Amino acid sequence: MELFYILLFGALSLVVATLELSKSSKDRITTSSAFNSFKNNYLVVYSVMMAGDWLQGPYVYFLYSHYGFDKGDIGRLFIAGFGSSMLFGTIVGSLADKQGRKRACVTYCITYILSCITKHSPQYKVLMVGRILGGIATSLLFSAFESWLVAEHNKGFEAQWLSLTFSKAIFLGNGLIAILSGLFANALADNLACFLAIGMAIILSSWTENYGDPSESKDLLTQFKGAATAIASDEKIALLGAIQSLFEGSMYTFVFLWTPALSPNEESIPHGFIFATFMLSSMLGSSIASRLMTRASIRVESYMQIVFVISAFTLLLPIITSVRVNLHPPPPWIGLDWVFSGGSISLSGSIQLFGFCVFEACVGLFWPSIMKMRSQYIPEEARSTIMNFFRIPLNIFVCIVLYNVNAFPITVMFGMCSIFLFMASILQRRLMVVSEMHKKPEDWSAMKEDPEEEPLNYDQ
């Protein structure tokens, strides 16, 4: 493996460790022991569930290839998963508001276990059923668990503490667990159902049920109409949904594009190590988010504008480096030969990889921040339904990208993603303006308080 990969991973590890170990009283919030128990219980469950999702990544594509299916067949399987998430997942996920969020989380476990069982069959139709079940499970994973957490948290804990759970969940579930899953996918994939069963046991034994609107008079169609009305009548919710779709659409497209971007001539690159580096970058972003969200004087709506602009620029790097190389072939970098020569990565590839790590740090910032904004703006009675509505344009977009991933030059795809992210920044600016217009008087007085007067103390 080339020295550049190791240096980048080592530098990121050092920065993440320094950030986590150097938190001062200003970066911490005093919490109760009851909240810490509640938070830790959720983090265990969320980490186990995310492990199940992450283990599917490096394992499933290889499994389909092992069964003898070509890229076209595998692409259709993945499209079926996203299409299922859009259609069936939206319906099942929306039932959580009426039938109960705990029940929906248990349904996720059962559905994903069944999906895992189908992967032991080499039959294409059976695998297709598994992808459909997996799509339903994905919708539940990204709506029911968060909806349960927000409702349960608001029953007895301070609103500011919620950001602690969000940031730590992303740090663990989308960072550390992702790295471990990538490293041990081969060893753990066969035991995936056991992990999900353990998580389900914890849910059944320790979680209480909560609902959005459990009234008998509301059927599923009425719920959909109510959610659509809420989105159409409240600009903040509509802006939030558009921002989420633009960013997540770009993020999922990036997942398909980073490999050909870093190996344009099909050079051999350490995919697993690069993936681990990306996840470490995501941990860096979530660590930064945890610091920002503990400061009462810093608004999520404000700093996320900057995050979107930075992420847009990072996805322009493949275009910039491509144009630069075509117009001006790089001279020999004598002083950097020991890093860049004799291997698969070029100077332009190194610049792109660094930029992609910055993008993944933006992803780590995005997740807890969007979770916090959703907890503030989405009404409780239709939280899960609205969150699944947000995923409809995302799933349509990803299906289109998957179907046409080879139809356009890679620079065009990155340019499209960059434009989407700039649009997200503009919409984020509008969301901040609209939210300030509707701010209550007591909120303004709270914002004027100096957080320096009463240092925060993060007990975890």
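Including glycine, each Cβ sits where the backbone N, Cα and C put it.
For 6-22 (among others), the entry in TrEMBL reads transmembrane segment.
Taken from TrEMBL, the feature transmembrane segment applies to 43-62 (among others).
Marked as transmembrane segment by TrEMBL: 74-96 (among others). Long-range contacts of the transmembrane segment (74-96) within the same chain, counting only residues at least 6 positions beyond its ends with a Cβ under 8 Å from a Cβ of the stretch, are 61, 64-65, 103-104, 107, 127-128, 131-140, 143-144, 147, 212, 220, 223-224, 227, 384-385, 387-389, 391-392, 395-396, 398-399, 402-403, 405.
Taken from TrEMBL, the feature transmembrane segment covers 126-145 (among others).
Per TrEMBL, transmembrane segment is recorded for 165-185 (among others).
Sequence annotations record features per position, and here TrEMBL assigns transmembrane segment to 273-294 (among others). Cβ atoms under 8 Å from those of the transmembrane segment (273-294) belong to residues 1, 5, 8-9, 12-13, 15-16, 19-20, 23, 26-29, 58, 160, 163-164, 166-168, 170-171, 174-176, 178-179, 182-183, 258, 262, 300, 303, 353, 356-369, 372, 456, 458 of the same chain, restricted to positions at least 6 beyond its ends.
As annotated by TrEMBL, transmembrane segment applies to 306-325 (among others). Cβ atoms under 8 Å from those of the transmembrane segment (306-325) belong to residues 247, 250, 254, 261, 348, 351-352, 355-356, 358-359, 362-363, 365-366, 369, 410-411, 414-415, 417-419, 421-422, 424-425, 428 of the same chain, restricted to positions at least 6 beyond its ends.
Among the features that TrEMBL reports, transmembrane segment is placed at 345-367 (among others).
Listed as Cβ neighbours of the transmembrane segment (388-404) (distance under 8 Å, sequence separation of 6 or more from its ends, same chain) are residues 75, 78-79, 82-83, 85-86, 89-90, 93-94, 139, 142-143, 227-228, 231, 240-241, 244-245, 248-249, 252-253, 256, 413. As annotated by TrEMBL, transmembrane segment applies to 388-404 (among others).
Residues annotated as transmembrane segment in TrEMBL: 410-427 (among others).
Sequence-distant contacts of the transmembrane segment (410-427), counting only residues of its own chain at least 6 positions beyond either end whose CB sits under 8 Å from a CB of the stretch, comprise 239, 242-243, 246-247, 249-250, 253-254, 257, 260-261, 264, 305, 308-309, 311-313, 315-316, 318-319, 322, 401. Beyond the transmembrane segment (345-367), the same-chain residues lying 6 or more positions past its ends with a Cβ under 8 Å from any Cβ of the stretch are 2, 4-5, 8, 12, 166, 170-171, 174-175, 247, 251, 254, 258, 261-262, 267, 269, 274, 277-279, 281-289, 292, 304, 307-308, 310-311, 313-315, 317-318, 321-322, 324-325, 330, 333, 336, 339.
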